[in-house]
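Trainee: Taken from TrEMBL, the feature domain 'G-protein coupled receptors family 1 profile' covers 66-320. TrEMBL lists 55-75, 82-103, 123-142, 163-183, 217-237, 258-275, 305-324 with the feature transmembrane segment.
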Amino acid sequence: SRKIIFRQTEVRIYPKITEEDRKAAGCRMEILNSSNTTNQSDFHSIFTKQVLPPFYIAIFVLGLCLNVVAAWIFFRVPADSGLVVYLKNMVVADLLMLLSFPFRVVDYFGYESLDLDVIKCRYTAVLFYFSMYVGILFIGFISLESRFSVVSVLQHIQRPTSAWVLAVLTWSLLFLCCAPNTILTSKFEEKQPGKCMDWKTPLGKQWHKVSSHISVSLFWVTLVIVTFCYTSIARQVCKTYRRMRRDTTDICRKSNRSIFSILVVFFICFVPYHVCRVPFTLSQFSQSGFSPEVSFWLFQIKEGALFLSAMNVCLDPVIYFLMCGTFRKSLLRKLSVKARRKSCQNHSSEALVHIDER
């Protein structure tokens with residue numbers, strides 16, 4: 001006899017997914033995404049709207065005072081050497097960078113205006129980077145000029161005329177590199193988001209990427225030149241004084257202290273930003289493959305590193321004081337004159353008091 005076995009199978013009937021269900025699911029996903037975005041924007045508001053603005057205001061006030069004094073001294077000093085020419089140009093670059101700080105602070109405080117975004121994306125952001133790289137290149141020229149002075153080679157390049165020609169070429173070439181970032185930023189509409197990259201034309205986006213790679217390459221080349229020049233200068237100075245059989249301890253200590261200070265300023269201000277600039281620039285393009293979270297954190301790191309670069313306007317006067325004896329003597333002379341005037345005023349007031357007592 002044949003046995004017929006029936007297997008009981010469970011049949012599940014799923015409800016039909018309607019269009020309303022799909023919309024509801026989409027709404028739930030949007031809520032989750034918006035909650036993540038809210039958490040990120042909360043951090044963004046804390047860091048860029050509460051932490052950074054006071055620091056930018058502080059370095060703006062301090063940097064403006066220091067660079068106005070530096071400009072007042074330098075433009076009374078004759079440009080009789082290549083070093084003075086380069087330092088004068090650095091002062092101009094720092095003053096131009098300072099002009100962009102108020103607009104950056106207003107933007108961080110969250111003041112939303114199409115006119116402000118136009119000014120920021122087309123002019124002040126470009127001015128900030130333009131002046132920063134001008135200053136970086138002049139630091140490189142100063143290191144080369146110092147190196148040539150120590151080894152006594154290429155003396156015709158150290159002349160003021162050659163330095164002015166090199167300065168004009170530097171300003172002109174960097175202007176030609178940065179100007180398209182202003183011209184090719186023109187797609188301004190009322191309802192567009194406030195990202196400067198979204199307002200660039202297709203050609204402007206490509207030029208932004210190219211100019212970023214050019215400027216980053218210029219920085220790393222300058223960093224190698226500055227490091228090589230100043231380390232070789234320190235060795236040469238100590239070697240020269242040993243050959244002359246003089247006590248080199250104090251001389252080498254002073255030389256190394258000045259060189260170390262310049263290198264520390266250069267590394268602290270510019271290396272962190274240039275480590276993260278290329279990844280951040282690539283993350284701004286939709287086809288880059290960066291996740292929104294990675295792009296967000298790259299933006300935060302970039303803003304913090306950019307603040308370190310902005311601190312350069314306060315630290316450059318230290319370089320002027322260490323590198324230029326004329327600047328140092330002029331500053332100390334002005335301070336001593338003020339001190340003498342103050343002491344004379346005190347003595348005269350004391351004399352008047354004694355006369356009144358009599």
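Every residue, even glycine, has its Cβ placed from backbone N, Cα and C.
A TrEMBL annotation is a machine prediction, not a hand-curated record.
Could you place these features in context, so I can see how deep they sit and what lies close by?
Mentor: Within the same chain, residues 79, 81-82, 85-86, 89, 122-123, 126, 129-130, 133-134, 137-138, 141, 145, 157, 204, 207-208, 211, 214-215 sit at least 6 positions outside the transmembrane segment (163-183) and bring their C-beta atoms closer than 8 Å to a C-beta of that stretch.
For the transmembrane segment (258-275), same-chain residues at least 6 beyond its ends with a Cβ under 8 Å from one of its own Cβ atoms are 136, 139, 216, 219-220, 223, 226-227, 230-231, 233-234, 302, 304-306, 308-309, 311-312, 315-316, 318-319, 322-323.
Away from its own ends, the transmembrane segment (305-324) comes close to residues 52, 55-56, 59, 62-63, 66-67, 69-70, 74, 83-84, 87, 90-91, 94, 97-98, 101, 128, 132, 135, 139, 142, 146, 258, 261-262, 265, 268-270, 272-273, 275-276, 331 of its chain (Cβ-Cβ under 8 Å, at least six residues beyond either end).
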Trainee: Which residues, given as numbers and ranges, are at least 6 beyond the ends of the transmembrane segment (82-103) yet have a Cβ under 8 Å from it?
Mentor: 56, 59-60, 63-64, 67-68, 70-71, 74-75, 116, 119-120, 124-125, 127-128, 130-132, 134-135, 138-139, 141-142, 145-146, 157-160, 162-164, 167, 170-171, 310, 312-313, 316, 319-320, 323-324, 326-327
Trainee: Need one number: mean pLDDT over the domain 'G-protein coupled receptors family 1 profile' (66-320).
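Mentor: Result for the domain 'G-protein coupled receptors family 1 profile' (66-320): average pLDDT 83.
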